[in-house]
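What TrEMBL lists as region 'Disordered' is 1-36, 534-561. Feature annotation from TrEMBL assigns compositional bias 'Low complexity' to 1-10. Annotated transmembrane segment per TrEMBL: 42-67, 79-98, 110-130, 169-192, 204-223, 235-255, 267-286, 322-342, 362-380, 385-406, 452-473, 507-526 (among others), in sequence order. The domain 'Major facilitator superfamily (MFS) profile' annotation in TrEMBL covers 45-530.
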Amino acid sequence: MADISSTSSTTEDELPPPQNADTEKASATEPAHSPQRSMAQAIGLIATCTTAMVLNSSNSTAVAIALPTIGRDLNIPEYRLQWVVSAYSLSSGCLLLFLGRLADLHGRKLSFLFGAFVLGVFGLGCGFAQDEITLDVLRGFQGIGGAAVIPASLGMLAHAFPPSRIRSIAFATFAAGAPVGAAIGSIIGGVLTQLTEKTWRSVFYFMTGISALVFLGGLLTFDKDMPSTEQDKRVDWLGAFLVTAGLVMIVFVLSDGNIAPNGWKTSYIIALLIVGVLLLGVYVGWQYYLERVQDDPNAPRSWLTPPPLLRITLFSRGNGKLAAILAIAFLEYCGFMAFPFWLQLYYQDYIGLNPILTMVRLLPMFITGVLCNVAVALVVGFVPVVYLIVLGTTLTGVANVLFAVIDPAATYWAFGFPATVLIVFGADFVFPSGTLFVARVCLPHEQSVGGALFQTLTQLGGAFGLAITTIVYDATLKRVSLQDGVVINVNGTNAPAPAQLRAYKDAFFTASAFNFLGALLAIVFLRTAGVVGDSGKSGDGDPPEPEEKAPVRSESPSLVP
């Protein structure tokens, strides 16, 4: 079979290595990319990474569609049900940067296998949970696995495939795992919850089996980990604590603020928000200081000044376009991840459909996701990224608007069908475009942490969007119910039907606002970004842009991850 790892374009927008003697010596003896692989080996690697993404995404949506059943079985009030989903997003989103850095330092295969193992073990534990607290805690631990496999997958794909058509296909396929996984999760969650004796517990058992499959795939298809060639392999534990603690507090506040005893005025909510923001501010300052120390050969070195967890100047890569893409990805996932959550509640709690019928109405998401994946792989090497992102985010916004103006008496084909067709365009276009851009502006030893940064913003976007739309939903439900003379109970089960419908619509309107704002940012900041993929034709790539070069480092990290 033909080798495909050497098909890179000669003019691809590759980044120059740090220019110093140590790096030149390292790069002279070690390749920047993994050895050539056959087509079968490449397909196996891409399939394993994509399955990991599908597993990570479906771990949210499969559980989301089973939430009403979980709530009834474990006596969880509806206002606390979101924690079954948010606990996973909390840990997986907040630990991505730290575990991405560890993957770059100590091996992506090891990190991937660890993550798959954690996903399986704690997923199995969730299937045996007998109360709300146990389930939430196990879901939090399960999210650690997701935080390990995703940056390892991104780093491995960037390392395995040099800039080429196959790299564009690999990243597009991997990115499709998010929306496709969301659709598959909804389908599997609906079928197993409705048709199996163990109902929602079967969902976790099934996910455990997929985790085992992912573990086996990583064992067989990932390249053997090579020792990191960075001279300074110390981990910035202080930075890891600051960013993780800060993100955990902020996401907790977003998830719990509306259901706290006194809402957003609750003392611990205010305190955690302030402390979380301060910790993130200190983290940014600490990373900037460490970066300055590492880049200055005359600066004093000590055990207190390890390499930064994340270079702050990374945000300025591509003349600031990387920061814009990260912001757009955050906004896109605010709207995208809120959609299936409110959709399944609307169909099951308002319309009264069972999980199977709800799942059937989500099938177009899966089909469209596959088609979008094919389309992106074909055009990402030819079409400027601004067109892809603006089109995708706009269509996702339109999908949310369709449910914001839905007539419950109308046929499914009038609102539900077009919405589920359009909703995946944003994620399918933004994720591959964004990860390809990250891969191009990050050095090989930064690939996992760069991918982790992008994935962190998408995970936090999902948590933020869900929190904000929940706030809007609850506020509308209370307001409209009071207008009808009804004081709703803590679960909102006595709310009048018109109040419920208005609350659902306002939640979808809010979700669409995130998507349209992302489209606006793309129009303003990405007009000159050009093409991020590779067409596979020699000579058609964009010339390297000076602002996309990585900063010179004095420690001379090697080009080998």
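A Cβ is built for glycine as well, from the same backbone N, Cα and C atoms used for every other residue.
TrEMBL labels come from automatic prediction, so no person has curated them.
Computed from a predicted structure; not experimentally measured.
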Mind checking which residues reach the transmembrane segment (235-255)? Cβ under 8 Å, same chain, six or more beyond either end.
82-83, 86, 89-90, 93-95, 97-98, 101-102, 105, 269, 272-273, 275-280, 282-283, 286-287, 290, 306-310, 456, 460, 463-464, 466-468
Per the 3+ Cβ pairs under 8 Å rule, pairs at least 6 apart in sequence, do the transmembrane segment (452-473) and the transmembrane segment (79-98) touch?
yes
Contact between the transmembrane segment (362-380) and the transmembrane segment (169-192) (3 or more Cβ pairs under 8 Å, separation 6+):
yes
Determine the mean pLDDT over the domain 'Major facilitator superfamily (MFS) profile' (45-530), rounding to the nearest whole number.
88
For the transmembrane segment (110-130) and the transmembrane segment (322-342), decide whether they are in contact, meaning at least 3 CB pairs lie under 8 A, counting pairs 6 or more apart in sequence.
no
Quick one: find which recorded stretch in 42-67, 79-98, 322-342, 507-526 has the most Cβ pairs under 8 Å with the transmembrane segment (385-406).
507-526
Which sequence positions outside the transmembrane segment (169-192), separated from its termini by at least 6 residues, show Cβ-Cβ distances below 8 Å to it?
42, 45-46, 49-66, 153-154, 157, 160-161, 199-200, 202-203, 206, 336-337, 340, 344, 355-356, 358-360, 362-363, 365-366, 369-370, 372-373, 376-377, 380, 423-424, 427-428, 431-432, 435-436, 439, 458, 533
Sort out the residues at least 6 away from either end of the transmembrane segment (507-526), same chain, that have Cβ-Cβ distances under 8 Å to it, and list them.
320-321, 324-325, 327-328, 331-332, 334-336, 338-339, 342, 385-386, 389-390, 393-394, 396-401, 403-404, 426, 430, 461, 465, 468-470, 472-473, 476
